[in-house]
């Protein structure tokens, strides 16, 4: 589903989603960890650390650290690739899928004509608080 929204509306949806993630009772993910999670859940698999590093244009050690935390939070898991035992596949988990559903629900709510702030989305349009 493609949503038509202005850049300001998209920034507001992102803001409301990030605020919701910060307020929730659960793991506090960094932008890098969230990026890895989204690629694993929304991108074509199978996923390897090398592939994730290339997709995010960061080093493999940074991916390893992000995966360590995602595994600690049970949002992703690593498994030896049966086709190449030198390689590790990154897999989805039930808990990670639940977090993604929560993110989608928050974004959907933020994109409605009256978002969770109680301010009609049209009222937020054109406002650039960073300028």
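Quick reminder: no glycine exception, Cβ is built from N, Cα and C everywhere.
Per TrEMBL, the feature compositional bias 'Polar residues' maps to 107-124. The domain 'HTH marR-type' annotation in TrEMBL covers 1-131. According to TrEMBL, the region 'Disordered' annotation covers 107-131.
Within the model, the domain 'HTH marR-type' (1-131) shows a mean pLDDT value of 86, rounded to a whole number. Secondary structure by DSSP for the domain 'HTH marR-type' (1-131): 71 helix, 14 strand, 46 coil.
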